[in-house]
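Following: one structure in structure tokens, then a few remarks.
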Amino acid sequence: MTEISMLKDVQKIIVLDYGSQYNQLIARRIREFGVFSELKSHKITAQEIREINPIGIVLSGGPNSVYADNAFGIDPEIFELGIPILGICYGMQLITDQLGGKVVPAGQAGNREYGQSTLNIRTASKLFADTPDEQLVLMSHGDAVTEIPDGFHLVGDSNDCPYAAIENSEKHIYGIQFHPEVRHSVYGNDILRNFAIFICGARGDWSMDNFIDMQIEKIRETVGDKKVLLGLSGGVDSSVVGVLLQKAIGDQLTCIFVDHGLLRKDEGDQVMGMLGGKFGLNIIRVDAKDRFLELLAGVDDPEKKRKIIGNEFVYVFDDEASKLKGVDFLAQGTLYTDIIESGTETAQTIKSHHNVGGLPEDMQFQLIEPLNTLFKDEVRELGIALGMPENIVWRQPFPGPGLAIRVMGAITEEKLETVRESDAILREEIAKAGLDRDVWQYFTVNTGVRSVGVMGDGRTYDYTIAIRAITSIDGMTADFAQLPWDVLKKISTRIVNEVDHVNRIVYDITSKPPATVEWE
């Protein structure tokens, strides 16, 4: 099976993973410049990099100290490949340590820096072309470079960091102590663009049309004349996968829509009408509501919920596949963010993802995950490129476990109904207010908390519903949406008046991080 990163005619910049939970944002930013980019293990060898043939290499940040016994290293031959290298934070310290410089705890060189700092450019550099000599950057480091290797020179510093940017112009090796991939580094995108376009010589011609052509070729090569099953949830990811697979293999694709009793209001009928009718996908609808809810009865641990749903979902596929002939592959709408949030060898698992960590070991299918190198906004872009209508492409994201992870604690029919009805009201009012494109994701959660209220002349003791609405670009970081008060008031009033067993509404004003988008 041909991986995109191995295709010789595709320019790519690889990012070596040293453990920062958000280092995949580096790859995302580089893709914005029309250059394919993805993470690779820091254990990659120089020979493996030669085979990939990238035009640039980025060494990411990470939590380790380069002088520690268990520090993540690098194949020293990588520095002799003649490929431009950019080290970010830990990556800069690793370059320094490996090439003969010195790295010490920051207290010995200045001070630790966490947050925005002013970077002062002291020497002209291609990396900082067309950016100001003083600029705000995000620092997050407990170690500092005190001596730079031979052949390197100082490019920039800050009040507490004597070497905030260094370079070896002859070998095209650059190091920066700050994080250009986050928005708090005001000119971070310009710096990464300078590296990709002007230093690495990228053409900037990577597009979704390229992705479609390559994925179709890859799918056909992998599948051959065999059959594929796809689980449809009605969400953006599985819908885009369905259209892409149909384009690649036509009637070799059978879609299974598992109605597990955890869907949004009227979602089952909408899925069948939208994808089965308009796009002509071959869809088998399975009513598995009782099967799922019986297994979930009394389960309040979110990880157990995810595992149960992931396992049972595949077992339902097994049951349906046994009725078909020659089915060898299971397709999923796994995204790049799903894989990262489920943990890599260098990063801690935040939560097992329904498309990654919930699969049983005895699964009978081989997996196909056509979107697993894409971020959410890229999936929407892909949908448009495939000719899908905007109302489908911009459909609200919905997790594989469905409402199970939007009901805190044990699941009951009563709790599910409160979320279904309140979520429908929220989506309706957001659309009426013309905010459905401005707010990246929005949904309601049954918090499992009951509180005292008064309705009419009587005392109530009913559920508290939380509204979660966020703004984001790629789903890796997010801010809570500052919805107009009149819109929030209308939503709240409608929910408590129209939804049974609810008497209180709260608004979640937590960003990501520290919170995740979903509550469970």
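For all residues, glycine too, the Cβ spot is worked out from N, Cα and C.
Feature annotations, courtesy of Swiss-Prot:
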ACT_SITE  Cys89  active site, nucleophile
ACT_SITE  His179  active site
ACT_SITE  Glu181  active site
BINDING   Ser233, Gly234, Gly235, Val236, Asp237, Ser238, Ser239  ATP binding site
DOMAIN    12-205  domain 'Glutamine amidotransferase type-1'
DOMAIN    206-395  domain 'GMPS ATP-PPase'
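Swiss-Prot feature annotations superimposed on the structure.
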residue: Cys89; record: active site, nucleophile; Cβ neighbours (10 Å): 26
residue: His179; record: active site; Cβ neighbours (10 Å): 23
residue: Glu181; record: active site; Cβ neighbours (10 Å): 27
residue: Ser233; record: ATP binding site; Cβ neighbours (10 Å): 23
residue: Gly234; record: ATP binding site; Cβ neighbours (10 Å): 22
residue: Gly235; record: ATP binding site; Cβ neighbours (10 Å): 20
residue: Val236; record: ATP binding site; Cβ neighbours (10 Å): 24
residue: Asp237; record: ATP binding site; Cβ neighbours (10 Å): 25
residue: Ser238; record: ATP binding site; Cβ neighbours (10 Å): 23
residue: Ser239; record: ATP binding site; Cβ neighbours (10 Å): 27
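Geometry remark: Glu181 (active site) versus Cys89 (active site, nucleophile), CA distance 11 Å. Other residues of the same chain near the ATP site, with their Cβ within 8 Å of the Cβ centroid of Ser233, Gly234, Gly235, Val236, Asp237, Ser238, Ser239, are Leu232, Val240, Val241, Gly333, Arg395, Phe398. Secondary structure at Cys89 (active site, nucleophile), as computed by DSSP, is coil.
The binding-site residues recorded for this entry are Ser233, Gly234, Val236, and the Cα of Val236 lies nearest to that of His179 (active site). Here the C-alpha separation of Ser238 (ATP binding site) and Cys89 (active site, nucleophile) works out to 37 Å.
Comparing Gly235 (ATP binding site) with the residue listed as 'active site, nucleophile', their Cα atoms are 37 Å apart once rounded. A separation of roughly 41 Å, to the nearest angstrom, links the Cα atoms of Gly234 (ATP binding site) and Cys89 (active site, nucleophile). Rounded to a whole value, the Cα-Cα separation of Val236 (ATP binding site) and the residue listed as 'active site, nucleophile' is 35 Å. Here Cys89 (active site, nucleophile) is positioned 39 angstrom away from Ser239 (ATP binding site), judged by their C-alpha atoms. Counting only the Cα atoms, the space from Ser233 (ATP binding site) to Cys89 (active site, nucleophile) is about 40 angstrom.
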